[in-house]
Structures are given as structure tokens and as C-alpha cells.
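Note sheet for the following structure.
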């Protein structure tokens, strides 16, 4: 998870200016920065609006900052828009506050939660330790059910530390297994990112050439390679029983399964790769799929490869949604 919150939570937030700077939490994942600005401009003149995105993957982290010209408009925005329902989210609007060391690195990763626990249940469980800035429960993209994994960002690192001390190894109600509570890892510090940077961002590394790896770095099943070329449409769930399905868009016409294997293999166990081809030409139609067995490995692959330049193409990499791509 990116530390964008700490980096941006207090731009120009000193003295009276602090009463004009707002933090907006629980934004819909697909909301753009322009839409954020437009929404808050309905209250008064907005000096700046910033949607916070993951520094590696580029996707929205679900919160942003709006700085008004006047404190009066900022107050009106809180009174008017706090609690507003947007799509499936209820946004939270409040004053931002100055950044300091005590609020950095306060983001937790929780796994092993009962699948019946909702986002509200998780917040209720952890709220005793302090103010929760935002939270997210990961869900199966097909069923909408919890995957038993959540992220919680506290107001202060000390609050997060207390939560770890109290709940790591704890069995919550309805669970027969203890949960894991730890600080969320920053993808920028992950060794896989460094590996891929060395592997693909070197001047000599471009699409089409062989890549030499140690064999043990790949846990790939050749039986999983799907050479079907006649699909006009596919509908692969983001998480099927076989693993997590990743969608790769903007591949070149000459892309094949081998390049997907080479790109995703360093991140973990790949069980299936598929390039979607034109029925007549057998050329890649511009997209493909990779299935990985482990969520964290799949998420790291996405965080590292989304926006990666392959030849003259900039790839878009994300978890597969339910929508069919034709």
C-alpha cells in the first residue's frame, strides 16, 4: 500500500489555511480527480483538489484532498457532503491536519478474518485503538464476498502499534483461526519490484528477446498454457477456484504466452496464461490473462507491471472484473 496519505494529508495546512483544507475518505474506486473537484466546486470555489493514487500501480486509494479558497466554504462542504452516498460508498469529509512523524506508517494489513465480517464490523473491531482514517475489505470480484483480508489506516502510528499488540494472533468472534495483524508493506520496498526493474527496465531488455532466469524462480505449470485463439469474448472471474485472474491490456500484436510467463513468473506461482487472438489472423487482439494462485503475489505483480512499457506499448494491468472483453 502506498503512503500517499501521509505525503499529502497536510498540503498548506497551517494556521487559518488549515480550516480550508479537507480530507475526503471512502471515495468510489472509479472516481476521477476531475469528478472530485466538480463535486466540491458545487459548494464554493476550490483552490485545489487532489485524488491520492498508489505510487506504483496508479490506481485510486479511495481518498483525496480538497482545498477551498475560504474557510466558510470548507465548513459548508463538511456540513453538506459528509455522509453523502456515492455509488456503494458513503464518503467522509473532515478537516485535514498537519503531517508529522507520529502519523506516518500507520497502515495495517489484516488477514484471516471471518468471511462474514463486513467493513463496518472490521472498523468496529479496531476502532477502540484510535481514529480510523480509512479502511478496505478485499472482496471476491465474482461473489462480492469477503476474502478475509482488510487494510486499516489509523490516525497515528502508535494506535496501529497498539492494534498489532492486541490483535495479532487473536481469534475474533466467529473464527476458529487466529488473525494476522501487521504493518502493510510498501510495494516500493519489495524485492520483487527491484527484481523486475533489473529484468525489464534495462536498456537491452525489450519485447521479443529471450530472458534468462534461474529456473527455480518460476513456479509455472506448462499444462496451464492455453493456446485457444478463437475466443471472441471471455469472462474469466477475478478470482476463480484456481486462483486470481489478472487482465493485461494494450499488448502488441506479436505478444504470446511466453512473454506473459516471463513477466509474471518472478512474482510467484502462475497457473495459467492466455493471450486472446484474432480468429482470422491469429494475432494478439491486444489483451490477455494470467492466473496466479496467491493474492499478495498477484497484487504485487499488478503494482509493478501496470504502466510498464513493453515495446512501444504502455501496459494496463489489473485484476479481472466481471465484464467481458470482446
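Yeah, the Cβs are placed from backbone N, Cα and C, and that goes for glycine too.
Summarising the annotation, Swiss-Prot assigns N-acetylserine to 2 and lists a large-scale study or a structure entry as the type of evidence.
As annotated by Swiss-Prot, phosphoserine applies to 2 (among others), with the evidence given as a large-scale study or a structure entry.
What Swiss-Prot records for 100 (among others) is phosphoserine, and it gives a large-scale study or a structure entry as the kind of evidence.
According to Swiss-Prot, the domain 'RRM 2' annotation covers 106-186.
The Cβ of residue 158 (phosphoserine) has 14 other Cβ atoms within 10 Å, all protein chains considered. Residues annotated as phosphoserine in Swiss-Prot, with a curator's inference given as evidence: 158 (among others).
If you look up Swiss-Prot, you'll see 191 marked as SUMO2 cross-link, on the strength of a large-scale study or a structure entry.
Look at Swiss-Prot and you will find 197 (among others) tagged as phosphoserine, backed by a large-scale study or a structure entry.
As annotated by Swiss-Prot, phosphoserine applies to 202 (among others).
Taken from Swiss-Prot, the feature omega-N-methylarginine applies to 206 (among others).
Annotation source Swiss-Prot lists omega-N-methylarginine at 217 (among others), citing a large-scale study or a structure entry.
The annotation asymmetric dimethylarginine is assigned in Swiss-Prot to 217 on the grounds of experimental evidence.
Summarising the annotation, Swiss-Prot assigns phosphoserine to 221 (among others) and lists a curator's inference as the type of evidence.
Look at Swiss-Prot and you will find 244-322 tagged as domain 'RRM 3', backed by sequence analysis.
Taken residue by residue with DSSP, residue 318 (phosphoserine) is part of a strand. The phosphoserine annotation in Swiss-Prot covers 318 (among others) and rests on a curator's inference.
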Integer mean pLDDT for the domain 'RRM 2' (106-186): 85
Rounded Cα-Cα span from residue 318 (phosphoserine) to residue 158 (phosphoserine), Å: 33
